[in-house]
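Working notes for the structure below.
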Amino acid sequence: MKLALLPWVLLLLATVPGSGPRPTAVHPYKVSETEKSQLVNETRWQYYGTPGITGNLSLTWNTSRLPTQAVTIELWGYEETGKPYSENWTAEWSCLYTLATNIPNSGFFTFTPKPASPDYQRWKVGALRIIDSKNYLGKKDVLALWTNDHALAWHLGNDFREDSVAWARAQCLAWEALEDQLPNFLKELPDCPCTLAQARADSGRYFTDYGCDIEHGSVCTYHPGAVHCVRSVQASPQYASGQQCCYTAAGTQLLTADSTSGSTPDRGHDWGSPPYRTPPRVPSMSHWLYDVISFYYCCLWAPECSRYMRRRPSSDCRNYRPPHLASVFGDPHFVTFDGTNLTFNGRGEYVLLEAVLTDLRVQARAQPGMMTNGSQARGTGLTAVAVQEGNSDVVEVRLAKRSGVLEVLLNQEVLSFAEQSWMDLKGLFLSVAAEDKVSIMLSSGAGLEVSIQGPFLSVAILLPDKFLTHTRGLLGTLNNDPTDDFTLRSGQVLPLNASAQELFQFGADWAVHNTSSLFTYDSWFLINNFVYQPKHDPTFEPLFPDKTTLSPSQAEEAAKLCGNDHFCIFDVAATGSLSVGNATLVAHQLHQQRMQSLQPVMSCGWLAPPANGHKEGLRYLVGSTVHFHCNSGFSLAGAETSTCQADGTWSTPTPECQLGRSYTVLLSIIFGGLAVVLLVSIIYVLLRRKGNMNMWSLQP
């Protein structure tokens with residue numbers, strides 16, 4: 001972290017040609033842990049002052065990130081003032097007071113919190129900042145380490161410490177009254193994906209919620225019972241709100257109507273929204289004020305969670321539509337949005353996708369691979385991909401000189417991800433979870449995933465429904481009709497049974513023009529081969545799929561590895577390498593698995609339990625059955641079960657639980673009573689007979 005102007009916009013400097021360094025908005029949780037100060041046992045900080053939570057608090061930091069002899073530790077508070085959703089609604093960070101001044105820069109600090117003076121009690125959310133002691137209190141634009149933002153329970157007054165439940169209940173009721181005066185933001189949020197598989201596959205519109213991640217142990221503190229949550233990538237258009245969707249281990253959506261652990265939408269999108277500095281668009285902090293601290297008031301510090309959940313109901317998935325997927329991988333092989341397969345071994349730069357609807361452009365560079373004997377192969381593979389939508393930033397992902405590593409360029413400059421793995425850029429979001437995988441999320445809801453598979457890049461592109469009939473390029477016309485996927489720039493359509501040579505000409509027709517290229521040419525090799533030469537190399541002679549031959553031993557090995565995957569078999573023949581063929585096989589299988597995950601699913605929506613009763617079953621997809629039961633003293637009037645049907649309706653409505661015992665219970669009582677009487681009578685008769693027998697035996 002170079003400078004720390006404000007904790008909610010950690011300024012990580014990205015160099016933009018012609019404009020010098022510029023700040024990039026970053027959510028605190030998206031910054032590397034080494035760039036922040038750590039609250040030791042962070043949960044303890046946020047519950048401090050509630051029953052049983054007392055004692056010392058501690059924080060740590062990496063001293064190498066703040067090279068100075070002595071440090072000062074400050075508390076900053078965040079607030080938003082003015083009329084919500086008006087021009088005078090403003091966000092402000094304020095330096096409140098110091099916890100320590102001029103202490104050794106040891107990387108560790110511990111203290112016993114005391115209630116702050118009444119002047120500082122109105123700040124309920126904030127963060128700690130560590131700075132060089134040479135700087136004066138609250139000085140901005142200095143090198144600093146921040147903690148994560150958190151609830152300032154530890155600095156609240158004695159009224160909170162003496163009765164935290166009563167204090168929190170009052171805060172919850174005040175939040176409830178304010179919330180009811182604010183606009184309804186729920187109506188403009190997108191529906192959640194129906195299943196966990198859909199949610200994880202729809203990476204253009206939904207991204208992992210850092211608070212509940214299946215890849216990191218499913219530590220879902222605020223959603224017990226969930227294993228994974230996602231958030232909508234884009235904030236809603238008018239109110240800058242966000243959607244959250246949580247899922248159980250069975251892959252079904254967890255709703256607040258069934259459990260307080262369910263997914264809750266957010267008035268303030270957790271990751272913020274441009275221009276970031278105005279409410280409710282401030283990354284993390286607007287979300288804290290309107291959605292998180294209120295959750296603490298109502299659900300964690302006071303037993304008023306029903307009030308919160310009524311105002312943050314989960315979205316169901318009845319209107320959710322999965323995106324459309326196309327992929328490129330291997331040597332290289334294309335699977336279009338409509339499911340058509342194509343192998344195109346051109347050498348050059350080509351248009352994967354153009355969509356006039358949003359002026360979306362995705363381009364790819366293909367270069368020859370190498371044979372196992374070191375000679376140049378007659379097949380090619382993707383080595384770089386570039387994307388831009390409208391006037392967004394241009395992002396290029398390419399193979400780095402180091403094997404197995406991706407290099408990402410923003411507007412022709414190489415980016416470093418040493419300090420963060422996420423960037424909020426102009427018109428897009430960029431996530432780099434590992435050195436071999438990059439995710440790009442565009443403002444239209446389109447998404448790209450670029451990864452390394454074997455010696456080449458693998459690309460997956462996701463488009464929402466609005467792109468139907470609006471695409472062209474090597475990945476075809478998205479219209480659910482595969483017969484027009486091989487459409488030339490002129491509009492001429494090649495048949496699906498076109499020869500490999502004809503399809504090669506189709507690919508060549510989609511070569512990028514120099515004037516529209518998105519690529520960066522920052523080496524003489526790239527300039528000589530892709531600027532001074534034609535974008536499609538007419539001299540390169542590829543190996544066509546219908547001309548491949550394998551020796552008997554190669555054919556046997558390829559068959560054993562590939563099975564009936566013709567992409568894999570072709571790549572073994574084109575490169576002579578089983579490892580390349582295996583990489584292609586894996587990439588193709590990943591595409592097929594994602595396609596399966598993105599299959600549409602019909603939901604009948606949430607079904608209420610009966611009043612004075614309950615239900616069994618929290619799954620609302622086709623084929624699911626819900627069972628109804630009444631509480632003691634009530635009888636069921638209606639069907640005992642309801643099943644979700646293929647048309648999206650329930651087979652029967654929720655039944656009623658009527659006051660009074662059910663006929664079954666009454667009959668069981670009546671017949672049970674008769675059974676007891678009968679049993680007693682039988683015993684009595686037997687005893688009488690036994691008594692008589694004894695008397696008879698005593699007579700002379």
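Just so it is clear, glycine is given a Cβ too, placed from its N, Cα and C backbone atoms.
Copied from TrEMBL, the annotated features are:
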type	residues	note
DISULFID	Cys630-Cys657	disulfide bond
DOMAIN	164-312	domain 'AMOP'
DOMAIN	324-518	domain 'VWFD'
DOMAIN	602-659	domain 'Sushi'
SIGNAL	1-21	signal peptide
TRANSMEM	663-687	transmembrane segment
Lowest local Cβ density among Cys630, Cys657, which the record lists as disulfide-bonded residues, within 10 Å
Cys630
Touch test for the domain 'VWFD' (324-518) and the domain 'AMOP' (164-312), at least 3 Cβ pairs under 8 Å
yes
Can you give the mean pLDDT for the domain 'Sushi' (602-659), rounded to a whole number?
96
Could you tell me how many residues in the domain 'AMOP' (164-312) are helical, how many are strand and how many are coil under DSSP?
51 helix, 19 strand, 79 coil
